[in-house]
Amino acid sequence: MDGRDTRAETVRLKKTVVLVGMMGAGKSAVGRALASALHVPFRDSDAEIELAANMSIAEIFARDGEPFFRRKETQVIARLLDDAPAVLSTGGGAYMSAENRAMITERGVAVWLDADLPVLWQRVKHKDTRPLLRTPDPYATLSEIYERRVPIYAKADIIVKSGRKQSLEAMADRVIDALKARPDVLECET
């Protein structure tokens with residue numbers, strides 16, 4: 001962080017900022033800090049799905065399967081993109097859908113929080129809330145998912161590198177700096 005206070009600026013978000021990336025990239029945590037800095041609501045598509053279903057993502061996967069979950073995820077993202085501009089955190093697989101990517105590009109801006117595999121592993125290895133990692137070799141599974149998804153995430157409108165030692169506020173500031181290059185998304189006055 002360069003020490004300046006980006007929050008002292010007057011900013012107006014014109015489109016929803018949709019955070020995409022792997023599980024463990026920090027989408028929810030950075031999203032909350034970003035929404036606070038921009039003075040807009042924070043939305044989490046996974047939390048919205050859990051609320052509507054009255055069960056966890058893992059329970060939805062177990063009961064109804066991943067294809068059912070992905071259909072519901074698309075419906076929830078569409079609904080959230082219809083709301084006033086906000087910061088929206090999505091599940092790690094949401095951006096893999098061509099339909100979701102098109103919808104996000106048309107009605108918002110996709111920001112990929114790009115974290116390296118070792119960083120992701122450190123963040124998720126002790127969590128039992130990741131249904132896709134409930135395998136005999138979760139690291140190998142994470143690595144395979146990472147390799148498959150990175151080329152798709154790279155299609156995001158904006159890419160912000162997520163490091164191991166960055167504070168949430170520093171990451172939010174880096175996203176804001178990237179958004180400043182997009183006056184169609186973020187209007188700034190100093």
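Placed from the backbone N, Cα and C atoms, the Cβ positions cover glycine too.
From a predicted model like this one, the values you see are computed outputs, not experimental measurements.
For G24, A25, G26, K27, S28, A29, R130, the entry in TrEMBL reads ATP binding site. Cβ neighbour count for A25 (ATP binding site): 26 (other Cβ atoms within 10 Å of its Cβ, all protein chains included).
Here TrEMBL flags S28 as Mg(2+) binding site. In the three-state DSSP scheme, S28 (ATP binding site) falls into the helix class.
As annotated by TrEMBL, substrate binding site applies to D46, R70, G92, R149. In the three-state DSSP scheme, G92 (substrate binding site) falls into the coil class.
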Nearest by CA distance to A25 (ATP binding site): which of the binding-site residues is it, out of D46, R70, G92, R149? G92
If you measure between the CA atoms of G92 (substrate binding site) and G24 (ATP binding site) and round to the nearest Å, you get 9
